[in-house]
Amino acid sequence: MLLADPAAPAFSWNLLADFQQMWSYPFMVNAFRAGTVVAVVAGVVGWFTVLRRQTFAGHTLSVVAFPGAALATLLGLSVPLGYLGACLAGALVIAALRERGCSGGAEESAATGTVQASALACGFLFVTLYKGLLGGPQALLFGTFLGITTDQVVLLAVAGGLVLAVLALVGRPLLFASLDPDVAAARGVPVRLLGTAFLLLLGAATAEAGQITGSLLVFALLVVPAATARQLTARPAPGLALAVLLGLAACWLGLLTAYYQPYPLGFCVTTFAFTGYLLAHLARALRGRSGRTPRPTGGPA
Amino acid sequence: MTTTLHQPFFQHALTAGTAIALASGLIGYFLVLRAQTFTGDTLSHVAFTGAMAALAGGYDLRLGLYAATIGAAVLLGLLGRRGRPDDVVIGTLFSWILGLGTFFLTLYTTHRSTTRGNAGTSVLFGSLYGLDGVRTATAVLIALALTAATLLIARPLLFTSLDEAVATARGVPARALGVGFLVLAGACAAEATQAVGSLLLLGLLAAPAGAAVRLTDRPYRALALSAVLAVLQMWGGLTLSAAVPPLPPSFAVMAVAAACYAAAALVRPAPVRRTGP
């Protein structure tokens with residue numbers, strides 16, 4: 001029971017011709033540009049997220065993006081600005097909750113869960129009030145590649161460049177603080193400040209990724225490529241490069257598939273990202289069996 | 001507003017909502033205590049995919065809901081170390097499952113029917129006012145069964161949640177309990193999805209329990225408080241949505257829940273941390 005639209009362009013396996021045909025539409029060019037920016041930023045930030053075990057925070061931020069975008073639509077503002085504003089505000093809230101000493105364990109996850117559910121509820125309210133949103137809340141929740149304008153791509157690129165620049169500046173101390181917060185604090189690294197700064201970066205990256213995959217599927221570009229990369233290597237530099245490459249691959253393949261199929265972009269991107277993750281697991285299992293010592297899983301607890 | 005309160009749809013929503021809130025409050029407390037809120041989140045996403053798959057295949061929505069959430073609960077319980085799976089594994093799996101849900105959603109809305117184009121929205125955000133008499137009765141029965149089952153295993157579950165090593169040494173089957181509890185949580189997620197929707201269900205699970213944990217340190221008192229708060233939030237939310245018609249009921253319930261949690265956090269700000277993580 002697969003869908004087939006006779007009016008849809010057909011994939012010819014001649015990649016050059018396919019891309020030429022696809023890129024004759026400005027919106028597809030913009031979609032690919034935006035996807036590339038997002039995949040790079042999300043891959044790098046995601047690697048740190050997985051290392052710092054803040055995937056739940058990443059998920060919450062992505063969920064906060066939904067009411068932001070819905071409110072921006074309701075008020076007639078720029079949607080990317082709505083994403084960014086909501087995510088940065090959400091990051092500050094999470095950081096503030098953390099500052100108040102309820103980090104770790106049950107308390108924090110209950111707080112995050114509550115923030116998340118009420119954010120979604122607000123988004124639902126805004127969408128209900130707006131009524132005219134094409135396809136209901138689903139475009140915001142599950143992603144679309146239609147209607148990305150050149151202005152939005154520029155905004156994405158500027159915000160992404162800023163995130164990467166800040167991350168390049170704080171990268172080394174952040175890595176230190178993530179791997180061993182106690183020793184880093186003893187050595188004079190401002191661990192807490194770095195934590196807040198990283199949450200802000202995570203917010204910005206999430207806002208970017210949310211515009212491609214939709215706010216519910218941000219994980220596909222943020223966490224899955226990074227988790228896959230960490231399956232394959234534990235070293236920072238190759239890991240970061242691998243995460244970016246995997247994110248790019250998932251995003252481009254997803255866009256390509258979504259162009260030729262009626263299925264939503266979010267589904268395509270998550271499927272490719274998840275396939276990569278499974279393959280990485282398989283490769284690791286095979287490597288472990290062939291006699292090499294398996295690498296330790298995960299980062300610091 | 002008084003006319004709304006006497007409408008059958010409101011009475012159904014109130015009855016089913018109360019039972020569902022009771023079960024969610026109890027199960028949510030254990031989820032929070034065991035720091036498994038993220039698992040609850042996963043279950044809610046799985047519920048969406050299950051419901052959509054059932055609709056796309058032409059089956060009853062609830063069949064898909066229960067099959068998906070209970071299946072996912074067993075999988076998560078077995079996957080993780082001692083019934084507590086890793087965050088990254090969960091996240092990766094659920095993002096793909098959610099993606100699969102959008103796939104089924106597309107299949108359903110373009111293929112099966114054009115009139116039910118908002119099915120996705122109603123599964124995501126709930127349709128508490130759409131329950132009829134039979135579905136209300138089923139919902140109440142299932143929620144009461146879940147409540148009874150949770151209370152039955154409450155004591156050993158509390159023991160393993162608080163101190164797993166000692167509990168295992170004393171002969172409590174920690175792993176079986178962990179999986180069993182996840183199955184209960186899965187069934188609860190499926191049940192609550194019909195009321196507040198798969199996306200907002202986390203609030204019903206986490207907010208009352210989080211507030212209860214804030215307000216008291218004693219386990220049984222917190223457990224009872226969590227259930228009471230959940231029920232009160234459901235009533236408050238439904239009343240609010242009856243008083244202010246543009247507010248969808250699931251939003252109103254969530255708003256009251258978030259307000260309760262914020263109030264609890266203000267009343268008793270930061271608990272003293274005994275051990276750093």
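Using N, Cα and C of the backbone, Cβ positions are placed for all residues, glycine too.
Marked as transmembrane segment by TrEMBL: B:12-31, B:63-81, B:88-108, B:134-154, B:174-192, B:198-215, B:222-244, B:250-267.
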Outside the transmembrane segment (B:63-81), six or more residues from its ends: residues with CB under 8 Å to it: 39, 42-43, 46-47, 49-55, 57, 89-90, 97, 178-179, 182-183, 185-187, 189-190, 193-194
Proximity verdict for the transmembrane segment (B:198-215) and the transmembrane segment (B:134-154), three or more C-beta pairs under 8 Å: no
For the transmembrane segment (B:222-244), distant same-chain residues with Cβ under 8 A (at least six beyond the ends): 1, 4-5, 10, 13-14, 17-18, 20-22, 24-26, 28-29, 128, 154, 158, 204, 207-209, 211-213, 215-216, 251-257, 260
Beyond the flanks of the transmembrane segment (B:134-154) by at least 6 residues, Cβ under 8 Å: 12, 15-16, 19-20, 22-23, 26-27, 30, 62, 177, 180-181, 184, 187-188, 191, 194-195, 223
